[in-house]
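A.B. asks: Mind having a look at this structure? Questions to follow.
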Amino acid sequence: MTKQVFKTVFAGRELVVETGQVAKQANGSAVVRYGESTVLTAATMSKKMATGDFFPLQVNYEEKMYAAGKYPGGFNKREGRPSTDATLTARLIDRPIRPMFAEGFRNEVQVINTVLSYDEDASPQMAAMFGSSLALSISDIPFNGPIAGVQVGYVDGEFIINPSKEQKEVSLLELTVAGTKDAINMVESGAKELSEDVMLEALLKGHQAVKELIAFQEEIVAAVGKEKAEVELLHVDEELQAEIVAAYNSDLQKAVQVEEKLAREAATQAVKDQVTAVYEEKYADHEEFDRIMRDVAEILEQMEHAEVRRLITEDKVRPDGRKVDEIRPLDAEVDYLPRVHGSGLFTRGQTQALSVLTLAPMGETQIVDGLDPEYKKRFMHHYNFPQYSVGETGRYGAPGRREIGHGALGERALEQVLPSLEEFPYAIRLVAEVLESNGSSSQASICAGTLALMAGGVPIKAPVAGIAMGLISDGNNYTVLTDIQGLEDHFGDMDFKVAGTREGITALQMDIKIEGITAEILTEALDQAKKARFEILDLIEATIPAPRPELAPTAPKIDTIKIDVDKIKIVIGKGGETIDKIIAETGVKIDIDEEGNVSIYSSDQDAINRAKEIIAGLVREAKVDEVYHAKVVRIEKFGAFVNLFDKTDALVHISELAWTRTNNVEDVVQIGDEVDVMVIKIDAKGRVDASMKALLPRPPKPEKSDKHHDKGHPHKKHEEAPLTQTEE
């Protein structure tokens with residue numbers, strides 16, 4: 001294949017696609033250049049069907065530091081595990097691609113996106129999503145695309161497609177929307193309390209832009225696309241399926257309708273175990289035993305899938321007996337834990353999350369060093385999903401992609417209502433521990449996070465609640481479900497999470513298993529979600545009406561002082577010696593920013609006060625006409641040097657010791673004496689002159705007489721302008 005180049009202009013930037021030059025051994029590959037961002041995407045497929053009961057799709061997004069002209073940090077000076085942002089981008093690409101493969105497709109597929117050059121104003125994430133779809137579409141992999149995605153901003157009442165970095169900083173919306181030419185199939189968003197109408201309009205504007213990108217892809221596929229490979233799909237034996245359905249469908253239907261989760265799972269598993277045992281015995285010696293038992297498991301899964309959907313669409317009955325727009329029983333509690341800075345426990349049916357707040361000095365903020373310039377991250381929301389929350393055993397270790405994604409969703413939802421750094425100069429960390437799960441645990445973590453923030457005294461602008469919406473669709477008719485549980489999520493067509501305040505939406509996330517959904521479904525889902533959100537907010541506000549006016553006793557207190565920028569080095573000292581000494585002496589934590597704002601943190605107010613005194617002393621400046629209680633530290637013939645405070649000395653000239661003539665400095669003061677002085681002059685070099693006599697009553701002038709007019713009178717000599725420190 002020879003190199004071919006395709007060009008267009010999209011959202012004000014040139015979009016260039018190159019095929020046939022690099023990574024030619026992959027099933028499909030493309031280089032996408034958007035602005036000055038360059039992404040190489042390669043897609044490959046295994047030769048045979050995988051043995052698992054799921055589609056093994058892997059999407060990677062690799063950030064190479066050289067792409068931004070940056071040298072890797074760390075000991076190895078090499079890229080390591082993917083950053084959080086890279087992991088989230090990989091998920092963002094995976095989600096719209098996954099529904100576009102045929103039911104029963106089980107070959108392993110890998111899509112690897114490598115960022116080769118980085119332009120912060122031309123999204124490499126969207127270039128990678130475009131490249132992923134294109135590489136699959138032009139390959140022989142049986143992909144039913146194409147799809148595409150765009151970012152949408154909202155600035156001054158206008159929607160912007162793929163906004164620049166500067167536009168993102170002032171945007172009220174951070175939305176990624178992806179889909180096919182016919183419908184939206186993935187949404188990820190954070191927003192500053194925008195209305196449902198604005199969000200819906202943004203989604204539709206984004207989809208219009210997606211259609212442009214898909215049309216461009218279709219041109220490229222028509223020019224260089226390969227013929228799709230014939231692959232084996234997972235099909236069950238139809239005779240076996242009919243036999244099992246006839247014999248056991250009624251038993252499974254009864255089991256599915258058990259309302260309580262654990263009891264329902266036990267009932268359905270009992271039916272499955274019974275069927276499995278029958279067919280294991282029946283085909284024990286059959287040469288295709290493994291295939292038959294795989295078919296049995298798949299048939300039972302399909303039967304349960306069909307019954308759950310039939311109940312909802314035909315009987316309008318959910319597995320736990322709720323109405324389609326009904327929320328499970330709610331409960332909320334604050335101060336669940338002692339000693340911590342804030343805690344909230346939120347329960348919705350059999351889904352329960354505990355959120356724990358920790359406040360820290362700004363020096364504890366996370367430093368993020370990726371392709372963007374290094375920055376500090378003030379707020380973190382971490383989500384943990386232990387296997388015991390669903391009554392199972394499983395792996396323990398570092399958080400997986402799902403946990404990272406759910407944590408990021410909660411972070412977006414809550415960060416919109418956090419106070420500014422000026423209002424609340426703390427680093428903030430929330431940790432959500434999922435204690436029970438039967439669906440919508442990410443939204444429970446948002447509700448619990450709101451409780452923890454308010455209980456901990458963080459002055460958030462408004463409480464935030466989240467709800468997960470579902471969808472069951474048969475192509476012609478559909479049913480939107482409020483507050484989906486695990487079974488409805490597993491067998492449903494959509495997981496649409498909506499979080500926000502009473503004023504508007506702060507976060508959205510949508511994943512679907514069908515090829516797309518319409519504006520009508522989106523509108524209905526948003527309206528039902530708003531009603532449910534308000535119901536949850538009623539509970540939160542009844543539990544804790546407003547953020548507490550004070551922090552927890554165990555939380556670090558803070559005090560701030562402002563110093564001149566040129567004094568920062570004095571407080572820090574050589575190699576940090578001075579500031580380290582203050583910290584060691586007082587036990588506080590100290591942060592100093594480049595503008596001279598000094599923040600002092602401690603749970604002990606006395607320690608804060610002591611540190612403030614020390615710092616104030618270090619940066620204190622003498623002022624003309626101010627009086628100081630000083631100590632004599634050195635004596636010279638022309639005067640005495642006194643220490644005003646800390647490292648600031650002043651010269652009291654011999655003529656400023658007293659109103660009477662002084663011939664010998666030591667006749668008036670000795671080293672170690674404590675005296676009151678007034679500053680009378682500070683020169684351009686910062687040298688200070690002080691006076692003792694200025695604080696003493698001036699003696700009356702002597703009576704005039706002829707002899708006093710003698711030119712050689714000593715008073716005449718004394719009245720000559722005295723020498724100062726700067727003239728010595």
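Glycine is treated like the rest: Cβ placed from N, Cα and C.
Straight out of Swiss-Prot:
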BINDING   Asp489, Asp495  Mg(2+) binding site
DOMAIN    556-615  domain 'KH'
DOMAIN    625-693  domain 'S1 motif'
REGION    691-728  region 'Disordered'
COMPBIAS  700-709  compositional bias 'Basic and acidic residues'
A.B. asks: Counting other Cβ atoms within 10 Å of each residue's Cβ, which of the binding-site residues Asp489, Asp495 comes out lowest?
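C.D. replies: Comparing Cβ neighbours within 10 Å for the binding-site residues Asp489, Asp495, Asp489 has the fewest.
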A.B. asks: What are the helix, strand and coil residue counts for the domain 'S1 motif' (625-693) according to DSSP?
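C.D. replies: Per DSSP, the residues of the domain 'S1 motif' (625-693) fall into 7 helix, 36 strand, 26 coil.
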A.B. asks: Per-residue pLDDT averaged over the domain 'KH' (556-615) comes to what?
C.D. replies: 91
A.B. asks: Tally the residues of the domain 'KH' (556-615) by DSSP class, grouping H, G and I as helix, E and B as strand, and everything else as coil.
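C.D. replies: Helix (H, G, I), strand (E, B), coil: 32 helix, 16 strand, 12 coil.
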A.B. asks: Per DSSP, to which secondary structure element type does Asp495 (Mg(2+) binding site) belong, with helix, strand and coil as the options?
C.D. replies: strand
